[in-house]
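A.B. asks: Have a look at this one before I ask anything.
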């Protein structure tokens, strides 16, 4: 474990250790998996604009979320059935989160119950909630989370049906028989059985309410005093509706690219959501975060923090609680280093000016460039940011040169006309 130097190295170890069905369940996305790849690739398209000659001898990366102080703006996202990865499952993750002084979000579909996770010791924990067709089940889950000391509800809103996860279909995914969904024991809802395709897809179809709407977000607030985070927002329209419905926070998420393929990477959707929220509620992000640099980029685009999912699962599979602790520590250290190298002493120092994105317009866009684009008949593929800026600078220089030549020619023409020479067509 000492030789592991970054979060991504855990995935290869997990692939070696886990049964194929389990690894594929954790690692795969929906259909063509374009969004799965883009969740990572999109971060590489955002470049830094670091500031220099700033005293960064002391760096503070602590933050506050819903009134709770945490060590860094990196938290643990809800991921289902963690005991498939390691015998201690959610127990180990909860202890690692507490040791790192950050937040763990427990999945509804956990293989440890809210009460069992609470028994691991003190910690700030949120409960992720799917809305079942039977609202009594929902109310029971929420009340149990409250009694167990959980501090918020993360309401997943992007799963009226399960995305088409072809790896699960090929593997005929089912939960190992010795495991159950602990939060549903005694409710005849605790098993995911084998079917002709994906047992999880059948489970969702039979249990999750497809009629979920904004009125249900308001209803949820009538049965709990816990703040509600709306998880699964990708557009400005839904960000505004989340605020109107009384959400205490928004999580920009595409469900780890496991629902609808060809939606934007979450980092690409983030700024739109942040602008729509207008500072009325904090906005968070999950999906694709693997480096401290990713955390910085998300905060520069307006996020208050990020959640990580797969890195926790892969580290858990590789080395249990120690692996999860190391993932959190590596992200902590990388983020702190990124802040220092960018000239930021605290989170409030991170601004939009510290990054440049593919959608940033240069300060001067020559009209000539617009005309050239309109004349093109072939599709234009977006270049890398640096190439685009260089191309536009060259066009701007060419425009200036053309202007200078035109002025010289006009001056000569006026002198010739002054001597009585005729102007040629």
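The first residue you see is number 1, and the count goes up from there.
Any Cβ shown, glycine's included, is placed from N, Cα and C.
TrEMBL annotations: computationally assigned, not manually curated.
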A.B. asks: According to TrEMBL, 25, 255 bind glyoxylate; identify which of 164, 165, 345 is listed for that same site.
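C.D. replies: The record-listed residue among the candidates is 165.
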A.B. asks: Distance check, please: Cα of residue 309 (FMN binding site) against Cα of residue 25 (glyoxylate binding site), rounded to an integer number of angstrom.
C.D. replies: 13
A.B. asks: Does DSSP give residue 107 (FMN binding site) helix, strand or coil?
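C.D. replies: Once the DSSP labels are grouped into three classes, residue 107 (FMN binding site) ends up as coil.
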A.B. asks: In whole Å, how far is residue 258 (FMN binding site) from residue 165 (glyoxylate binding site) when you measure between their Cα atoms?
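C.D. replies: Rounded to the nearest whole number, the Cα-Cα distance is 7 Å.
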A.B. asks: Let me know how many other Cβ atoms fall within 10 Å of the Cβ of residue 258 (FMN binding site).
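C.D. replies: For residue 258 (FMN binding site), the count of other Cβ atoms within 10 Å is 22.
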A.B. asks: Taking the Cα atoms as reference points, how far is residue 78 (FMN binding site) from residue 25 (glyoxylate binding site) in Å?
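C.D. replies: Cα of residue 78 (FMN binding site) to Cα of residue 25 (glyoxylate binding site) measures 15 Å after rounding.
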A.B. asks: In which DSSP state, out of helix, strand and coil, do we find residue 78 (FMN binding site)?
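C.D. replies: DSSP call for residue 78 (FMN binding site): coil, neither helix nor strand.
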A.B. asks: Calculate the distance in Å between the alpha carbons (Cα) of residue 107 (FMN binding site) and residue 255 (active site, proton acceptor), and round it to a whole number.
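C.D. replies: Here the two Cα atoms lie 13 Å apart.
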